[in-house]
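For reference, the structure discussed in these notes is given below.
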Amino acid sequence: MSCLASCCAASTCGLCSTVASGISRKSARLAYCGLFGLSLVVSWILREVGAPLLEKLPWINSSTQTKTWYQEQAVLRVSLGNFLFFAILALIMIGVKDQNDRLDSWHHGGWIAKMVIWILLVILMFFLPNVVITVYEILSKFGAGVFLLVQVIILLDFTHSWNDAWVEKDEQKWYIALLAVSIGCYLAAFAFSGILFIWFNPSGHDCGLNVFFIVMTMVLAFSFGIIALHPAVNGSLLPASVISVYCAYVCYTGLSSEPRDYVCNGLHNKASAVSLSTLILGMLTTVLSVIYSALRAGSSTTFLSPPSSPKAGTKKPLLEGDDVEEGKETKEKEARPVSYSYSFFHLIFALASMYSAMLLSGWTSSSDSSDLVDVGWTSVWVRICTEWVTAALYIWTLVAPLIIPDREFL
């Protein structure tokens, strides 16, 4: 264990001390994103080289387990340490609404202490018994599902905001841009779906399930446009086209996660390349969605944002006089509302830690080679169900105003 702990500490401590001193208040959110990215790198490295070390730990070692199981243990233990770090911060930051709050400075500062705590939490997870990790593994599947749901909601919010921003400009060139981007996205979605037929419906094999997934993706994309352009809905083609591209991509990630010995997986001859590309795209999507969801949802006035607080300058000081010092003291005590929800910001990272663990471990149910990442039927169905949930939520945002006209939606 000392060897494993030394590897983790040596690879991060030097970086931590150097980076921490240069983190300002404005760059704090990016620093958290960097820390999350570092956890992914550590998980990936330990997944590749940590199995022999875990076999030497008596409280982890089990003679009946395979190399894949030890790789999953390494990923889950790093993920648990990362989850606890952000979950604790999320709990601590509940109710912080003012920049004068002492916890505000802890959110933006104290980076050396926080990095040391993060490293200690990750190392301590390797001393926990297997039963604790088993419980976390089960909880992670639910937490990852919640993260995917939040990711979908944020995507829907982004597409509608993008469309509204261009429409509000009320200029012909922006309307032309909207139309061009919408047509481009739709062409990309249907062209990519056609390529999926070639990759995942090889001739000479009965691949009805794959054909169903791909055809459903194309039908959903077509339905998005029809519903959005219906006079009663009064929607826009841009969100429909962007969601169509996203659904096509999710369908691809699902099909590419099929077992490599499955005859309908036309990419099985390039297993290593596909596995690596899927992993990199998945990790990149995770990091970007974490950044955007934490910033977008945290600063939103309607989606898990902090309750409204008095704003500086909206009220006159309670005490008025000629005393300059008294005036300065009053000004210092004026409320300065936070610009986003610190608690929800950290909650996003906690849920993303669970999702990244599932991504790197193939949802802990892969029967393929341990050299492959995110491969197995569980991964397939998680992706396909994510696509369908995305489609259902988008359609709901279109038809809900007709069903419940008194409510506001995305």
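Even glycines carry a Cβ here, placed using N, Cα and C.
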Which residue range, 233-253, 275-295, is the one TrEMBL calls transmembrane segment?
275-295
For the transmembrane segment (380-404), I need the partner stretch with the highest count of C-beta pairs below 8 angstroms, choosing only from 142-162, 174-199, 211-229.
142-162
Among 74-94, 115-136, 142-162, 174-199, 340-360, stretch most in contact with the transmembrane segment (211-229) (C-beta, under 8 angstroms):
174-199
Among the recorded stretches 74-94, 115-136, 174-199, 340-360, which has the greatest number of Cβ pairs closer than 8 Å to the transmembrane segment (142-162)?
340-360
When counting Cβ pairs under 8 Å to the transmembrane segment (74-94), the leader among 115-136, 174-199, 340-360:
340-360
